[in-house]
């Protein structure tokens, strides 16, 4: 069976990479583009054109649904657009696969209820990197045995916020499973403000920002006489594509709300 | 319930560390030492003495069994001693926990059959490092998604053999689960013999030997635009003790042959 | 003073990046492009156009010299083109800055003689990465104290040759200064062909090739109880631009042959 | 010529390792031990004994000087003892080699003046690790080209203070040579207190503390599209011995105050 995929945000950097990946996947079709403008234009090989050749752009999801019969709406826009898009999609029987962070807890709950009432999957995957998800899962599993954990995340110096969302999520996932305890020396003496990093769920997170860096994270788990390090390096947004394709494929065989790619791996 | 543990090899470096760890464990008792000499002497706080104070040394496992009623025989000797020790232990109803590599496949099969006929656990754990076992398990799980793998293991330059047993075991565990495929460029041109490492199960293993190093391994898993690295550093033999205690504890609740600590984690 | 720079190979990936860097540099002018075709066309903002706007393309270095009066010829073509270009440049009083490996020893000697007879600098810089050059220099300095060295170089799996030129050059630079001695255990037993890497100048080089990797090298120097690691990661060809600009600037204040960016740092 | 070395603190962990190293060095003699007690006892193979065999212990440096004629006093005690010891040593014509941090700036100035008035070397080397000194020197050299720097230092969780002295010293050495500038994004938004580490001389220092770790530091230097990392791992106090022997040897050929092993490398 071929999965018909509509994409919201297909003109963006992430969206155009995803459009190419879906076009190349043998079991998928890029069936239509949802946009806030350019209604009736076409996307052809990554370029927006006026001639009717390629994949049509719609500004109305209802029209897109009727004309193109998509199974899935892959939404790579921003938190403001994502929530109304997903609501309408579910109502129209289209499975949302949402690749954006920033939804409020209320919005997430609302989509969960809609998804489960309708028996239609809705996948929330703010991080499509399978490698990053594996890092987080492994770290959580390892913390069962090696309960002292610190996280070093390293990004280019154009990144505005610290710590990264992935680092905080990693700490949360570890915190869910490890036995709570105090780390470090109780009488620790910090002579320069901030040297020991940020405390998140009892773990320390250190955020490095340098030109030249891309996106890297390592989780360090220490035990008596040993250290386990799980490190993920993202060099290119192509690394997200296997996760995008996985989420799209899984969406048609699930019938409920799925919060995080880690639920599918 | 307290687990009564006899130790073979208690005078060795690993054995004396294990004896101390078992003595400190609240749910275990160091019940007797099996040795090839010093019958009737005692081990007291790590020292061998003639006075009857501490844990008694036996050269006969039958006498040890009768006098001390051990539940488990932790065997940290060498491959030659381990096999007869384990046979006798099983016959006497004592569960072997074997921390030595080097048993032949025939010997392993033999112990497996004895263990299962008797309904008594026998645990073979050539690597007691929980951290190393986690590294291997995670690498095998990750290879399902990121199938291109290379292994770099690094040890002090007094290590004679290369590649390390852990590196080969890691490649074997990955090979058991990943889809076979060719790695690297098919037209690769190697201009200096050995540059691309050893091929083990289609993966490359690189062995570094330098003074200063202890025991380190990293598994690199590459995908389009990303790299996942799982690294384990062993700094001290104390790092094996959680694995020793885990194996001893698990041995009393299992009733079959267990090949590898990874079966228990 | 403004340095007038002609570029050979300005339409290539490296060349176009260099053209942009030179155009942006406040003390340089991109004065002309040397090519084997497109004579009389123009390069304008990285694009080749027929209209006379931007930097003119010449197929004759003599014409380029007469019309544009360049101080320097930055040559980013291939070994075949580089040698005749450099000979003609020196004869015309233009300083070659050559960013290609692959010249023969005879060709290098010939350029050296021409350069010194003319009292005009000629800079051969097969690796423009200042970071990589620093890594090599530091490794060589450190080997004076920590003489046991292994090199791990890691590249994407589209790279055909192993070991990398930088790794071999690093071993050569270390070999020039360290006291010769045998590394590793003399009775080492290698159980899988290639595990210990390639022997280059008595050092081991290990070449890792994985999808996802870009260009990375680490030099490990071990001593009793310690390890010094010098690592360089290249993520983008922009990292070569500071080295290109440095070489161009240095070329106008030198009057002899310079073999390697490391002579200028 | 054989260098006669007296040691203060020879019963400590560092001191006994140093005593063994000096005893083994072909060009040195362990000539006497300075202590605050055990006058007239002897140190023999690392053990304190009452019988007159081995190296004699003195509580008076004057008596030690007269009886044993040491060329050098290697002082591995604490800041309180070091200063009076060094003053007396210089007055007696013995060259102090001081392996302790914690002297005040006034005390350092005082020793500098005494040393230079007397024309007798006095070496202050709070860090005897040649590898660590190389890391600091290389980082400072590299910062000339790659001016954005962050430091990650990692130690076992029994270490009380953060950041480490070596990390702060590294930042100081870099700061002495690099062009001052702001690092990181000016509009950085830190959502968890401390995530971005401590600011020392405009660089960020991150201190990791975990069981299992020993003593590690990496200096990361970023540039457009590249990263240079200089890392030092200390696994054992034996790693300090080459630095101890170097300082002792250099002390007899110098005639002034030397502040830091980096002045001798």
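Each residue, glycine too, has its Cβ placed from N, Cα and C.
Any TrEMBL annotation is an automated prediction that lacks curation.
As recorded in TrEMBL, the features of this protein are as follows:
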ACT_SITE  D:155  active site, proton donor/acceptor
ACT_SITE  D:159  active site, proton donor
BINDING   D:9, D:10, D:11, D:12, D:13, D:14, D:50, D:99, D:100, D:101, D:125, D:126, D:127, D:128  NAD(+) binding site
BINDING   D:156, D:165, D:166  (S)-2,3,4,5-tetrahydrodipicolinate binding site
DOMAIN    D:3-128  domain 'Dihydrodipicolinate reductase N-terminal'
DOMAIN    D:131-263  domain 'Dihydrodipicolinate reductase C-terminal'
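Shown here: features listed in TrEMBL, placed on the structure.
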| residue | record | contacts (Cβ under 8 Å, 6+ apart) |
| --- | --- | --- |
| D:11 | NAD(+) binding site | D:33, D:35, D:43, D:48 |
| D:13 | NAD(+) binding site | D:237 |
| D:50 | NAD(+) binding site | D:41, D:42 |
| D:100 | NAD(+) binding site | D:75, D:76, D:77, D:78, D:79, D:82, D:126 |
| D:125 | NAD(+) binding site | D:97, D:98, D:99, D:243, D:247, D:260, D:261 |
| D:127 | NAD(+) binding site | D:101, D:133, D:165, D:166, D:169, D:243, D:261 |
| D:155 | active site, proton donor/acceptor | D:164, D:207, D:208, D:209, D:213, D:214, D:215, D:216 |
| D:156 | (S)-2,3,4,5-tetrahydrodipicolinate binding site | D:209, D:210, D:211, D:212, D:213, D:214, D:215 |
Residue D:159 (active site, proton donor) versus residue D:9 (NAD(+) binding site) - Cα distance in angstrom: 22
Sparsest-packed of the listed binding-site residues (D:9, D:165) - C-beta count within 10 angstroms: D:165
Set of same-chain residues at least 6 away whose C-beta sits under 8 angstroms from the residue listed as 'active site, proton donor': D:209
Assigned conformation of residue D:9 (NAD(+) binding site) - DSSP reduced to three states: coil
Composition by DSSP (helix, strand, coil) of residues within the domain 'Dihydrodipicolinate reductase C-terminal' (D:131-263): 44 helix, 43 strand, 46 coil
Most distant Cα pair in Å, residues D:9, D:10, D:11, D:12, D:13, D:14, D:50, D:99, D:100, D:101, D:125, D:126, D:127, D:128 binding NAD(+): 33
Cβ neighbours of residue D:166 ((S)-2,3,4,5-tetrahydrodipicolinate binding site) where a neighbour is any other Cβ within 10 Å: 23
Short-range recorded positions relative to chain A, from D:9, D:11, D:13, D:127, D:159, with Cβ separation under 8 Å: D:159
Predicted model, mean pLDDT over the domain 'Dihydrodipicolinate reductase C-terminal' (D:131-263): 94
DSSP-derived helix, strand and coil totals, residue by residue, for the domain 'Dihydrodipicolinate reductase N-terminal' (D:3-128): 47 helix, 34 strand, 45 coil
Listed in sequence order, residues not in D:156, D:165, D:166 with Cβ within 8 Å of the centre of the (S)-2,3,4,5-tetrahydrodipicolinate site Cβ atoms: D:153, D:155, D:159, D:164, D:167, D:215, D:217
